[in-house]
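Visitor: A single structure is presented below for examination.
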Amino acid sequence: MTLDPTRLISIRRDLHQIPEGGFEEFKTQFYLKKTIASFAGTHLEMKEWRTGLFVLVKGFSPEKTYGYRADIDGLPIKEETGYEFSSRHEGFMHACGHDFHMTIALGVLAHFAAKQPKESILFIFQPAEEGPGGAQPMLESDIFKEWKPDEMLALHIAPEYPVGTVATRPGLLFANTSELFIDLKGRGGHAALPHLANDMVVACSHLVTQFQSIVARNVAPLDSAVVTAGKITGGTKQNIIAEHARLEGTIRTLSLESMATVKKRIEALTAGIETGFDCTASIDYGANYCQVFNDHKIADRFMSFAAKRADTTLIECEKAMTGEDFGYFLEAVPGLMFWLGVDSKSGLHTPGLHPDERAIPFAVEYLIDYLSTVSS
Ligand SMILES: CC(=O)N[C@@H](CCC[C@H](N)C(=O)O)C(=O)O
C-alpha cells in the first residue's frame, strides 16, 4: 500500500492531536503500530522498544542497511493554532514538527512495504528527543545492535524555508547541548522583614543576570555558545520572601571544550551567589546531547542528489545552535541530517507553529527517490 497525499495529511492530523511527553508516547506508539500493521509485506519485521519502535524492511538482495529515524514526542506547550485538529492533550503540542517527522517516515515505509527494496531499511521511531533523550538508550539496545544500519538519515522541519527546500551541510550541523537545572535554597520570611531572610528570588535574578556575561566574556568571539534560562520559579506568595528558587535552562556550544568552559563559569558564578547571598545551590545538568555531525561523503552524495531534482531547492545552510540527540546515532554510524522547508511564520517550540502540509508528500517522494537511488 502506498499513501497518497490525502491519507498522509489525515495521518499527520491524527498524530497532531495526541502529542505526548518523552517516554510517555503510549497512544502514539499504538497509532504507529496499528498503521504499520496495515502495510502488507512479509519482508517487514517490527519490534517495540519502550515507547518507540524499530521496523526492519528486509531488502531482496541486501548488502547494506540504511537507517531512517523519526522522533515521536511532543512538547509541553499550549497550542494556539486554532486548527480543527488541535491537540486533544491539554498543555501538550507537536510544536517541534515530530507529527510531520513520523508521518513522513510512515509514508516512506509504506512505499517500501509495497515495493521491496534491494537493500534493507531500518525505520526507527524514537521517543523522548526533547528530553531526557531516547537516542542513546536505543543505540545501546540489543535490537539496534542486531539490526545496526551502515548509515543513518533523518530530517527536521524548518519553518524558515519554503516547501520544496532541503537544507544541510557537510560536517557540523547542530550544537552540543546540555540541560541546566539549578536549585537555590535560602531562608524565607515576612516580606516586610527582608533583613531576617535570604531571598532566593533576588539571588536567582542575580544569577540569571550574571550568566549573561558568560557568552559575552568567557567564550571566544569567533566561537558560538548559548546560555538560556527558559524558566525560573520561586516563592509562594507576593508577601512572603522565597526560601527556594529554581532556574531551568539549556547550554549550547559548538565544541565540547566550550561546553566545559561554560559549565565551569556556571559553577563559579553559582558558587559566588552562594557566598554572596548566604544560600546553598545545587546544579544538575540533566540530559546532554552530542553535536550532529554530517559525514562529508554522505553529505556530498545527498546534496548532489538534491541539486539534480527539478522540484527541489537545495540550500547549503549554516550550522545551528539547536540540539538533536540524533547526534548520538551519527557518532555510532555515519550519516546525515537535513532541514525540510515547511514555511511557517511561527517558529519551532512556539504555540502557533503551522507547517505547510504540502511538505509531507514532497518529503515522502523525495526520500523514496533518494533511498531507491542510493540502494539500487
Ligand atoms: C530541534 C530541537 O529543537 N531540539 C531541541 C533539543 C532539546 C535538547 C535538550 N532538551 C535541551 O534543552 O538541552 C532543542 O531545544 O534544540
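From the backbone N, Cα and C atoms, a Cβ is placed for every residue, glycine too.
Quick paste of what TrEMBL says about this protein:
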- D71: active site (ACT_SITE)
- E130: active site, proton acceptor (ACT_SITE)
- C96, H98, E130, H156, H349: Mn(2+) binding site (BINDING)
- 182-269: domain 'Peptidase M20 dimerisation' (DOMAIN)
Visitor: In sequence order, which same-chain residues at least six apart have a C-beta under 8 angstroms from D71 (active site)?
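Guide: Within the chain, D71 (active site) has Cβ neighbours under 8 Å at H98, H101, Q126, P127, E129, G134, A154, F326.
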Visitor: With a radius of 8 angstroms around the mean position of the C-beta atoms of C96, H98, E130, H156, H349, what other residues of the same chain does the Mn(2+) site pick up?
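Guide: Leaving out the recorded residues gives D71, D73, L75, H94, A95, G97, E129, L348.
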Visitor: Ligand 1 is in the model; which of the recorded positions D71, C96, E130 have a C-beta less than 6 angstroms from one of its atoms?
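Guide: Going through D71, C96, E130 in sequence order, those close to ligand 1 turn out to be C96, E130.
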Visitor: Within the domain 'Peptidase M20 dimerisation' (182-269), count helix residues (DSSP H, G, I), strand residues (E, B) and coil residues, in that order.
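Guide: Its residues divide into 35 helix, 30 strand, 23 coil.
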Visitor: Could you tell me the mean pLDDT over the domain 'Peptidase M20 dimerisation' (182-269), as a whole number?
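Guide: 97, rounded to a whole number.
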Visitor: DSSP three-state call for H349 (Mn(2+) binding site): helix, strand or coil?
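Guide: The residue in question, H349 (Mn(2+) binding site), is coil (DSSP, three-state).
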Visitor: Rank the binding-site residues H156, H349 by the number of other Cβ atoms within 10 Å of each Cβ, and give the residue at the low end.
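Guide: Counting other Cβ atoms within 10 Å of each of the binding-site residues H156, H349 gives the minimum at H349.
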